[in-house]
Amino acid sequence: MHERNGTRETPLPIYTAEQRRRRDSTRWTLVQGLLAPVQFLIFLVSLALVLRFLGTGQGEFAADVSVLVKTAALLTIMVTGAAWEKVVFGQWLFARPFFWEDVFSMLVIALHLAYVAMLVLGIGLPAQRMTVALAAYATYVVNAGQFLWKLRLARREMAPAFRTAAA
């Protein structure tokens with residue numbers, strides 16, 4: 001998003017000074033910082049197990065369990081992320097700076113839960129279920145990239161403040 005500034009467009013800041021203070025002081029920032037890499041490690045293990053099953057037909061149970069663990073991690077990080085947004089931005093989800101990340105997160109969750117529904121309700125063949133898991137994982141990678149990009153932008157946004165404070 002951009003805001004008109006004369007004839008030049010300047011990007012809106014991700015955080016106001018008060019939001020940055022809340023972000024830096026809430027325990028949810030640490031929780032998110034710990035859960036994100038844990039979820040990524042779970043994703044890597046699960047991806048390997050799902051691909052192994054699809055490639056060899058072996059390890060269906062391990063792949064299923066790994067996708068369930070990944071789904072639990074995703075839901076945990078989503079709930080704690082919503083708590084983080086509430087503290088920092090005053091709303092549970094879809095705060096302006098993270099609107100599109102949250103929208104895409106809904107697709108990620110929907111695909112993970114579609115996998116769980118297929119497993120629990122016995123819908124489709126195992127390979128079809130694992131294909132849904134791969135679709136969920138592809139959207140997860142895109143969504144993780146969105147959040148990493150936003151983290152990078154927030155750090156770049158802070159760089160001038162550090163230079164100004166040091167001067």
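For all residues, glycine too, the Cβ spot is worked out from N, Cα and C.
Record features (TrEMBL):
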type	residues	note
TRANSMEM	30-55	transmembrane segment
TRANSMEM	61-84	transmembrane segment
TRANSMEM	104-125	transmembrane segment
TRANSMEM	131-149	transmembrane segment
Dominant neighbour of the transmembrane segment (131-149) in 30-55, 61-84, 104-125, by Cβ pairs under 8 Å: 104-125
Positions whose Cβ lies under 8 angstroms from the transmembrane segment (104-125), at least six residues beyond its ends: 64, 67-68, 70-71, 74-75, 78, 81, 132-133, 135-136, 139-140, 142-143, 146
